[in-house]
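Noted in TrEMBL for the protein shown:
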- 1-23: signal peptide (SIGNAL)
- 112-132: transmembrane segment (TRANSMEM)
- 144-169: transmembrane segment (TRANSMEM)
- 181-204: transmembrane segment (TRANSMEM)
- 225-250: transmembrane segment (TRANSMEM)
- 256-274: transmembrane segment (TRANSMEM)
- 286-306: transmembrane segment (TRANSMEM)
- 336-354: transmembrane segment (TRANSMEM)
- 430-459: transmembrane segment (TRANSMEM)
- 480-500: transmembrane segment (TRANSMEM)
- 506-527: transmembrane segment (TRANSMEM)
- 539-559: transmembrane segment (TRANSMEM)
- 613-635: transmembrane segment (TRANSMEM)
- 675-694: region 'Disordered' (REGION)
Amino acid sequence: MFATQDTILKLLTLCALAHSISAYALQDQAPPNSGASVAILPSQKYLIVRGEAAGGSGGGGAADSSGERVEFNNAATLLLEAYKAQHIDSGDSLLEECSEPKHKATFSGFDYFILLSMLVISLGIGIFYGFFQKGGSSSNEFLLGSEMSIFPVTLSLTTSFITAIELLGNPSEMYFQGTQFVLIVIPMVMVIPVAVKIFYPIYFKMELTSCYEYLGIRFGKEIRILGAVLYVIQMCFYTAVAVLAPAIALSKATGLDTKIAVVLIYVVCVFYSSQGGMKAVVIADSFQAAVLAVSLVVIVGLGSFYSGSPVQVFQTAAERYRLEFFNMDPNPTTRHTVWSVVIGGFFYWTSLFCTNQASVQKCMSLKSLKLAKIALGFAILGLIGVFLLNFYTGLMVFNHYADCDPLTVGRITASDQLLPYYVINTYEHIYSIAGLFVAGIFAASLGTVASALNSLSAVTCEDLLVNGMNIKISPEKGALYAKWMSLGFGIASFGLVFIVEHLGGVLQATLTLNGLIGGVTLGLFVLGIACKQANTKGAFYGGLLSLTLVIFVGVVAQISNVDSPPLPTSIEHCDCHVNVTNKIEDLLREPLSPTNHHEEGGFTSWPIFRLSYMWYSMIGCLLTVFLGWLISLIIDFIQRRNVLKITSAKGIDNPAISQEIFKSEAPVQFTSNLPKESTNAEGHVNHAIRIDDE
């Protein structure tokens with residue numbers, strides 16, 4: 001909120017005008033030479049600083065609704081608090097700074113015990129299935145779990161789609177931006193019929209281990225390898241970010257060391273996923289889902305007592321402009337609208353549920369397509385329930401801090417630290433609550449990483465080694481190879497954590513990259529299912545071109561775009577002293593660089609680079625389908641022309657036949673069968689002239 005040039009300039013302007021604002025108002029509001037004195041209204045403060053007159057050509061209404069008004073009000077509030085601090089009584093002077101250590105949350109030894117207990121149980125599951133449970137001796141048993149039961153698979157599917165980033169980010173979204181994003185649960189329901197009617201019947205009919213086998217059957221070896229490579233890149237970076245982001249947030253809010261958190265998550269995940277295989281992953285996910293559900297329910301239940309009843313929560317949210325469900329703005333650059341959340345979210349969730357190996361592999365571990373449909377449906381319903389609880393938690397936290405925003409006063413330093421700080425600070429007198437909450441966050445990270453490592457092993461084994469490099473792997477050695485691959489990917493992802501940690505802004509860019517790659521992969525599947533004219537070269541070049549374009553747009557957008565300004569917050573009734581002097585000193589250390597990128601020249605100011613991130617998956621999918629279809633038609637047309645030239649050269653000069661072949665809409669059919677050799681000694685077959693089957 002504070003580290004922007006606009007805020008710095010407003011603060012300096014307010015300081016400069018602190019002793020002369022009355023004269024400035026007289027000059028601005030009074031008629032020339034009238035000598036009249038006009039009182040300054042509170043609603044005119046913002047217009048005076050900008051040099052605009054209320055109701056003038058500047059448009060007071062536009063100014064009131066701008067993001068700058070929010071930042072100005074916060075800056076003005078800080079200055080007023082500083083002024084009042086000079087006149088407080090001696091008793092009030094004992095108020096401590098809000099950023100003092102005793103006001104920050106702490107993590108007790110009992111909380112550490114709860115967290116470590118959850119990790120030890122997860123390790124025990126891996127030890128049991130890796131060393132004491134029979135089975136898993138073949139690659140199919142290790143990667144698919146050989147016909148698992150529906151209940152643990154359903155819980156495992158649910159935790160696969162719940163990342164720690166979302167558990168921390170969703171409440172922050174409700175707190176700072178409002179409830180428009182709640183509509184993301186609608187496309188989750190819309191995906192169910194698409195998954196159970198189109199995608200999963202194909203996977204079960206073909207008895208696939210990797211969903212990218214379909215791309216190989218439909219288009220050929222090259223497209224299967226392309227899909228597998230995209231998935232490996234996507235998941236390696238995503239797991240690193242999915243572990244690092246919550247570790248940083250928990251570290252800042254609780255004092256838990258970031259490196260310790262990252263090491264604990266990876267050691268546990270790598271062990272039970274590499275030793276126990278899919279069975280250990282699914283059973284551990286089931287246990288972690290229970291921990292996560294208990295932690296969310298306990299926090300919401302206690303919040304009803306400590307932070308207000310549901311009626312009070314929604315009433316405060318409505319009064320402070322947090323409730324928003326029907327923003328019908330057709331502008332695609334608006335961050336969250338009904339259109340971007342529902343339509344864009346549909347493509348995002350379709351890519352996760354239908355073409356992501358981590359989810360497909362768990363459904364394929366069930367005995368039949370019917371069970372897979374049931375598990376997927378209940379998993380999505382469970383996911384919706386978790387998201388709604390998470391959204392309500394954000395509104396509950398806002399009701400708790402409605403008059404003393406912890407980010408503004410410096411108790412936390414980033415928005416994703418909000419929920420950990422609230423839990424540990426509000427319930428610090430209740431033993432085990434903070435530890436249970438952090439255990440739930442760790443459980444979400446464990447489920448994400450373990451599923452990713454197991455699916456990466458399957459993709460590498462089936463798609464890259466066996467199919468791509470033609471390496472023959474026996475079923476007995478397949479399990480051993482998969483274990484070592486799971487271990488290798490865990491180490492590689494662990495190394496990426498410490499690379500991404502030093503790149504700062506790449507965190508958000510990496511999350512965007514995840515959505516972009518998922519959209520392109522979904523586009524390849526849709527191209528194969530829906531477009532009969534699509535061929536291998538069209539899919540390959542269309543996919544690569546689409547991937548290049550969408551990654552370029554996404555990365556430039558992340559670099560050039562300005563974050564949406566938060567909704568207004570208040571610090572009027574804090575129980576601590578806000579040190580405004582320290583705030584201004586920190587602001588003055590920031591470099592003065594332009595932040596309004598929309599007014600800059602150059603291609604980065606184009607509207608396409610200001611699109612909402614919710615559209616990225618849809619753009620990647622539709623662009624892949626269109627370019628793949630178009631390139632396929634062009635290649636098919638060129639092949640037809642080449643066939644006509646060859647046949648004409650061989651003596652087929654009948655215009656009627658040539659024209660009929662040229663106008664045919666069906667693709668040209670070729671045969672690779674060699675002509676039979678003549679038994680006649682005088683006969684001869686020229687094998688040099690052959691037409692290769694595309």
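Backbone N, Cα and C atoms are what each Cβ position is placed from, and that goes for glycine too.
Among the listed stretches 225-250, 256-274, 286-306, 430-459, the one sharing the most Cβ pairs under 8 Å with the transmembrane segment (144-169) is 430-459.
Between the transmembrane segment (539-559) and the stretches 286-306, 336-354, 430-459, 480-500, 613-635, the greatest number of Cβ pairs separated by less than 8 Å involves 613-635. Note: the stretches the transmembrane segment (480-500) and the transmembrane segment (286-306) are not in contact (fewer than 3 CB pairs below 8 A, sequence gap of 6 or more). Counting Cβ pairs under 8 Å that are 6 or more residues apart, the transmembrane segment (430-459) and the transmembrane segment (181-204) reach fewer than 3 and are not in contact. For the transmembrane segment (256-274), the partner stretch with the highest count of Cβ pairs under 8 angstroms, out of 112-132, 286-306, 336-354, 613-635, is 112-132. Long-range contacts of the transmembrane segment (181-204) within its own chain (CB-CB distance under 8 A, at least 6 residues past either end) are made by residues 170, 173-174, 211, 214, 325, 336, 338, 341-343, 345-346, 348-350, 353-355, 360, 363-364, 368-369, 372-373, 376-377, 380, 383-384, 387-388, 391, 525, 529.
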